[in-house]
């Protein structure tokens, strides 16, 4: 239901050019599926496979995800002139986060429904949607929930390809300095502060290398590899 709300509300909701608060994206160590509950999810059960695939492709190809760290970086590194679909994780989160406090809560959902013309949404329905998350719905939790639902249609190779361009030796790592230079000089340029936030979320190792394979796994699965 969250994704349906996003796709329906996009023409009616004007996003600010830059959100006032940027969250630090901390990848969950072992964000596990809510096994029995996922299939009948109030949040996701309304979407068919084609809608899910469209979301995944837009997540992989979006030219810029405004809100968070390395997810933004991945999208900025993808090919210029790619999909302009609004159904990206960050854009979706921004739409749902009506009060711009960095979290999606019951009142945010109520306001989003109201923007779509549905005024009298029952508290029980809103509470059921919120309770599907393991905790407060910040961007990390939001991304994890989508990652859990979207397993099976992961465009992981598409995402990896954007990074492999810079991995000339095929080691699975790219130099953080190279990524920083590209992000600050090409396409929708990052500021110095945005780059710092990105590396705070997914820091390079002591040699300055960034493990982009694990990053891509987090993007598409919502959790880190063992």
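Glycine residues also receive a Cβ, built from the backbone N, Cα and C atoms like all the rest.
The feature Ca(2+) binding site is assigned by Swiss-Prot to 97, 99, 101, 108. Among the features that Swiss-Prot reports, domain 'EF-hand 1' is placed at 84-119. Among the features that Swiss-Prot reports, domain 'EF-hand 2' is placed at 154-189, with the record citing sequence analysis. Summarising the annotation, Swiss-Prot assigns domain 'EF-hand 3' to 190-225.
In sequence order, 96, 97, 98, 99 are the residues near residue 108 (Ca(2+) binding site), counting only same-chain partners six or more apart with C-beta under 8 A.
For residue 99 (Ca(2+) binding site), the count of additional Cβ atoms within 10 Å of its Cβ stands at 11 [all protein chains shown]. When other Cβ atoms within 10 Å of the Cβ of residue 97 (Ca(2+) binding site) are tallied across all protein chains shown, the result is 24. Here the domain 'EF-hand 3' (190-225) is broken down by DSSP into helix, strand and coil counts: 20 helix, 3 strand, 13 coil.
Annotation note: residue 101 (Ca(2+) binding site) sits in a coil segment as assigned by DSSP. Counted with DSSP, the domain 'EF-hand 2' (154-189) comes out as 19 helix, 3 strand, 14 coil.
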